[in-house]
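Taking it in order: structure first as structure tokens, then the write-up.
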Amino acid sequence: MTTLKTALAPRLHAQSKLFFWLLGLTLFIVAIGLVMVASASAVDAFKTTSNAGSTFFRQGGFALIGLVGMLVASNIPMEVYRRAAQLFLYVSLGAQVATVIFGQDINGNRNWLDLGPFSIQPSEFLKLALVIFVALQLSQLDDRDPFYNRQIWTRVAGFSAISIGLVAVAGRDMGTGIVMVIMMMGVVLFAGLNPGIWAGLAAGGAVLGAVLVMSSSSRRIRFDAWLNPDAADPMGVRWQFEHGTWALASGGLFGTGLGRSKLKWSWIPEVENDFIFAIIGEELGLIGALMVVLLFFTMGMVLFAIAQAQTSSFNRNIVIGVMLWIVMQGFINMGVVVGLFPVLGVPLPLISAGGSSLIATLGAIGVVLAVERDRVANLGRRR
């Protein structure tokens, strides 16, 4: 027991500035998320439970679980992640298969697994498992053994295709699938994949995306509404776009004030989820919206700096994957709200309501903190 307590005890002394930058940014963004969820969800929460704070308190519970998970993950030795990478991926894939077979259909996606008292979204944890597994595989590349390298690339391609296929094709969650593709493409590029091969894979991914769009009538309608906004029904498929844009515009420079949104009065269902950025722009104005953009940009820069500082390719690959996951998903979500992308159904990391996304994202940041902690510890041992 003493050993376990020692292993999990927070060791904040003698950590790098990058460690504290990432920790501080994470806590600040989570705090913003809780405040905005409290504001955005108040009306719908009162209508459904007679308690305007019910969604906020539930999200606060998820945040507490996620922060504890982040603390634990940040104190786990990297060797444990190496040894558990394959098992973690298998368990996550098994959960995703169970979701495809037994899961709930929500908004056209089968991506939720009902466990009685609560539901989980296994694809969020599959993202982290895939990043760690692929990072481990790519760290074992050896220029002196082309045959072994081909085996590694086969495993990377195979497990990536299975994971993304279960989410985007079988689970019909194209938004999460796109984020996973971006993660994997970025990790393999930074790991040294030939740019020509990478470009071919990117083209193949674009073709697959087009096939997925054309294979679903709802996706075709949403995509066409994005390409031809003037021809789309503003009372139908364009409803979220129109009201999200209206909310952003009505916020002006300084916003209408915290808690004074009109959009949250049932104009968009569950606005505290994928369209919470519209509430931020409405209540906090252009300044508040740009602050959120700047926070994600800064987090991306900090994560990239952490990746560059690593001497271990395994550690570096993990950080690159997590960086692309959080930052690109954040910009995709905000891009949807302002009309740059069609509606994809991805949450704003650390801010949108939802337990699985928040807990998995905080867990991923905890792994990155463990990576940076490992680097600092190795520097100390060398001295």
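Cβ atoms here come from the backbone N, Cα and C positions, even for glycine.
Caution: TrEMBL annotation is automatic and unverified by curators.
According to TrEMBL, the feature transmembrane segment maps to 20-43 (among others). Distant neighbours of the transmembrane segment (20-43): 52-53, 55-56, 59-60, 63, 66-67, 70, 258-259, 261, 264-266, 271-272, 276, 279-280, 283, 292, 295-296, 298-299, 302-303, 306, 348, 350-353, 358, 362, 365, 368-369, 372; these residues of the same chain sit at least 6 beyond its ends, with a Cβ under 8 Å from one of its Cβ atoms.
If you look up TrEMBL, you'll see 55-75 (among others) marked as transmembrane segment.
What TrEMBL lists as transmembrane segment is 87-104 (among others).
What TrEMBL records for 152-170 (among others) is transmembrane segment.
The transmembrane segment annotation in TrEMBL covers 176-193 (among others). Remote same-chain partners of the transmembrane segment (176-193), defined as residues 6 or more beyond its termini with a Cβ less than 8 Å from a stretch Cβ, comprise 111, 123-124, 126-127, 130-131, 134-135, 138, 141, 156, 160, 163-164, 167-169, 201-202, 205, 209, 212, 307, 313, 316-317, 320-321, 323-325, 328-329, 332, 344-346.
The transmembrane segment annotation in TrEMBL covers 284-306 (among others). Sequence-remote contacts of a segment are chain residues at least 6 beyond its ends whose Cβ falls under 8 Å from one of its Cβ atoms, and for the transmembrane segment (284-306) they are 18, 21-22, 25-26, 28-29, 32, 248, 251-256, 258, 277, 319, 322-323, 326-327, 330-331, 334, 349, 351, 368, 371-372.
Look at TrEMBL and you will find 318-344 (among others) tagged as transmembrane segment. Same-chain neighbours of the transmembrane segment (318-344): 81, 127-128, 130-132, 134-135, 174-175, 178-179, 182-184, 186-187, 190, 222-223, 225-226, 229, 240-241, 244-245, 248, 274-275, 277-278, 281, 292-293, 296-297, 299-300, 303-304, 306-307, 310, 350, 352, 361, 364-365, 367-368, 371, counting only residues six or more beyond its ends whose CB sits under 8 Å from a CB of the stretch.
The annotation transmembrane segment is assigned in TrEMBL to 350-371 (among others). Within its own chain, the transmembrane segment (350-371) is flanked in space by residues 19, 22-23, 26, 29-30, 32-33, 36-37, 40-41, 55, 58-59, 61-63, 65-67, 69-78, 81, 118, 120-122, 124-125, 127-128, 131-132, 270, 272-274, 276-277, 280, 292, 303, 306, 310, 315, 318-319, 322, 325-326, 333, which lie at least six positions past its ends and keep a Cβ under 8 Å from the stretch.
Sequence-distant neighbours of the transmembrane segment (55-75) (same chain, 6+ residues past either end, Cβ-Cβ under 8 Å): 7-11, 26-27, 30, 33-34, 37-38, 41-42, 44-45, 272, 353-355, 358-359, 361-363, 365-367, 369-370, 373.
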